[in-house]
Amino acid sequence: MLNKPVLVESLIVFVIVLCVHSAVWDRFSWCAIALAIQAFYVQFKWDHLLQLGSAVFQFRTTANSGLLPACMAIPLLGIVMKERCDMAGIVYFERFGIVVACTGMVIALFLSVIAIGITKPVPTNTCILSGIAGSLIIYTVKQSLSVSEVIEVLEVLLIFVYLSMILLYLLPRCFTPGEALLLLTGISFVLNQLIKRSLNVVEGRGDPVDFFLLVVVVGIVLLGIFFTALFFFMDSGTWISSMFFHMMTAVLGLGVVMPWLYRLIRRNPLFWLFQFLSQTQMRVYLLAYWTLLAISACTIVLYQNTKRSSGSKKYQASTITRKYFHFIVVATYIPGLIHDRQLLYVVSVVCLAVFILLEYIRYFRIKPFGQMLRHLLSLFLDERDSGPLILTHIYLLLGMSLPVWLFPRPCAPKGTLAGAGALAPYSGVLAVGVGDSVASIFGSTVGEIKWPGTKKTFEGTMTAIFAQIITVAIILIFDSTVDLNASYSWILVSISLVSLLEAYTTQVDNLLLPLYLQILLMA
């Protein structure tokens, strides 16, 4: 039987689904509601399988499956993107939003079929609900998509299946089923979009900034898969292996990624990047400011490690110490969102590539820095880093960056952005940088009244809501392009729901909360 926190988490997700469709009601609404109901039942089956140890792959054991919130995030994101681009009259991105929504529903339906197939005895109620939801989804897909778009949905599903088999086998205990669903669906979309745009490059759609994200993400993922397969057959900790790693990284970067990016943007990628970064004086100032913040973050890491080495007992960074990095990231993103969002977009992609590359060096113990990174980062481990990878800092960067990457810039009106949707790019700052940080700090220091079944406190959640409202007021003062247009009640409801979800979810909140806040604000 599902425990109380999972039931409350599911109830919050249902309320979010209903809130979104109270603002955006169309033929996809019935599919989304049916999908939410059947995902709730499928989550129950997955949780039971995880408790019995009967799952095909090894998932993170400190959390429930998280299938319901993960299954609903991508379809809801596609639906609100479709609606916003429809109002702006941008047909291309409206169709893309429909493809995103349909693909998210099809992948969620695919997972439900797998869950039913491996559950013994076969659950009758879940079969009936999945059949109803599947019929609605297939009928809506048939009515909404063209033949080429159906093929695109199937392509993403096929990539998702292959990536699931590869990554979940290579990286046991790193993800819950829900986290794996979100990450692998995102990577599958990126890979499919890159292949599609590479084949149709003559059309010239998109700008170099968007191509930069696609190529970097696919390149860094393929690099990881290549070295993981290679180091199955050789020791990665020797100097010969380390030299081979650095050499092959340079060869793949300069021989594959650079030419691929050159084909897409029709100019030298390094010259374009240098010209882009130094285009205005404001960009130079922002880069210098961000460099100082990066040095500050490294200083905190080194200082905390000196405390560990000098102490007699085993030292581990506290929750408050880990939240320092959240505030540093907030100080990084807010000036970028106010003054130059395209620069923030590009720099966040570069930081993601650097973070993942450093994690490869740490994981494979690549000389000369692999062992040192293992020692430095082990201080900041928490219960969510139970697998071979340390992903907390990468999730933090993703949570802050996803609203910037996913915000449909062509569908946003020129000039002042009106309504709650104007805050959508700030979703990561509000939900993770401010809300999650304040909830953790105040909950662990002054919190006394715990939410039933959790370690989170009522005081922490209420303080987080208040802090996010104050942040919204500060954004209104400093960002003249934002006009909330009397949508204050919707913003308050959105922040409150996401803060309650943070209190009850056991998934990686750095990844989940910004997506749901962005969905609610864009609706």
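Backbone N, Cα and C define each Cβ position, glycine as well.
Per TrEMBL, these features apply:
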- 12-41: transmembrane segment (TRANSMEM)
- 61-80: transmembrane segment (TRANSMEM)
- 92-116: transmembrane segment (TRANSMEM)
- 122-141: transmembrane segment (TRANSMEM)
- 153-171: transmembrane segment (TRANSMEM)
- 211-232: transmembrane segment (TRANSMEM)
- 244-262: transmembrane segment (TRANSMEM)
- 282-303: transmembrane segment (TRANSMEM)
- 324-339: transmembrane segment (TRANSMEM)
- 345-365: transmembrane segment (TRANSMEM)
- 426-446: transmembrane segment (TRANSMEM)
- 458-478: transmembrane segment (TRANSMEM)
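Remote same-chain partners of the transmembrane segment (345-365), defined as residues 6 or more beyond its termini with a Cβ less than 8 Å from a stretch Cβ, comprise 209, 212-213, 216-217, 219-220, 223-224, 227, 231, 236-237, 241, 245, 249, 273, 276-277, 287, 290, 336, 371, 373-374, 377, 388-391, 393-394, 397-398, 400-401, 404-405. Listed stretches 12-41, 61-80, 282-303 were compared with the transmembrane segment (122-141); the greatest number of C-beta pairs under 8 angstroms is found for 12-41.
Among residues of the same chain six or more beyond the transmembrane segment (211-232), those with a C-beta under 8 A of the stretch's C-beta atoms are 166-167, 170, 187, 190-191, 193-194, 197, 241, 245, 248-249, 252-253, 256-257, 260-261, 264-265, 269, 273, 345-346, 349-350, 352-353, 356-357, 360, 364, 405.
Comparison of 12-41, 282-303, 458-478 by number of C-beta pairs under 8 angstroms to the transmembrane segment (61-80) places 12-41 first.
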